[in-house]
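Reviewing the structure listed below.
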Amino acid sequence: MDIAHFLFGVFGNATALFLFLAPTITFRRIVRRKSTEQFSGIPYVMTLLNCLLSAWYGLPFVSKNNILVSTINGTGSAIEIIYVLIFLLFAPKKEKAKIFGLFMLVLTVFAAVALVSLLAFHGNARKIFCGFAATIFSIIMYASPLSIMRMVIKTKSVEFMPFFLSLFVFLCGTSWFVFGLLGRDPFVAVPNGFGCGLGTMQLILYFIYHKKGEPEKPSAANGSVEIGQEKPLEGTKMANGNGALVEQV
């Protein structure tokens, strides 16, 4: 592994860790109030699946020179599991059943991918199979802020798209994109190239709209930082119901 490849991987680990830890603000609020309120647990469960698949793909017996992909996504998996467990602890009964069912599905999908890759594929075929699985869910995860970008354009306000979060989405996507290019690995380069482009779009929108007047903050969002959105409140206007973006992992 050459020096540049290694350094971009280390930088990617650092920026990705920031994104994984961003929702701690939201979960401190959940623990303090002993309620998940209007927050959705789905983004955390789906990010867990992405982390598990990416961590598996980075293991040496699946793909070479990608151990740094495994280290950060293994760490991310542990963090996301903690988020999901906290959410399950404080969620209402109906929401708890839904998130628990999705959590079990995610673990089943990951176990199936891991077992099939071990038993049915070898060498490059194993890398391709696991790489496609990881790439699909990486792109889905990176695409999660699109609804917030649409909201920024519609409201002409960056209230729900914090600058530093957008910056770290850009830095994370860019570092792993370059890491993938240097390692000649399209399964790392392609999804993170998408993330780099998305982060660039977020920064452009921020600089276009950050000086414009912002609407009054919805009480539901409370300035929280998390992946995805709060669940819409039935019968409220869009500004109250869409909640806040908040992390992209």
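The backbone N, Cα and C atoms fix where each Cβ goes, and this holds for glycine too.
Annotations in TrEMBL come from automatic prediction, not curation.
If you look up TrEMBL, you'll see 6-27, 39-59, 71-90, 102-122, 128-148, 160-182, 188-209 marked as transmembrane segment.
Pairs of Cβ atoms less than 8 Å apart link the transmembrane segment (188-209) most often to 160-182, out of 39-59, 71-90, 102-122, 128-148, 160-182. Proximity of distant same-chain residues to the transmembrane segment (102-122), defined by a Cβ-Cβ separation under 8 Å and at least 6 residues beyond the stretch ends, is recorded for 41-42, 45-46, 48-49, 52-53, 56, 62, 84, 88, 128-130, 133.
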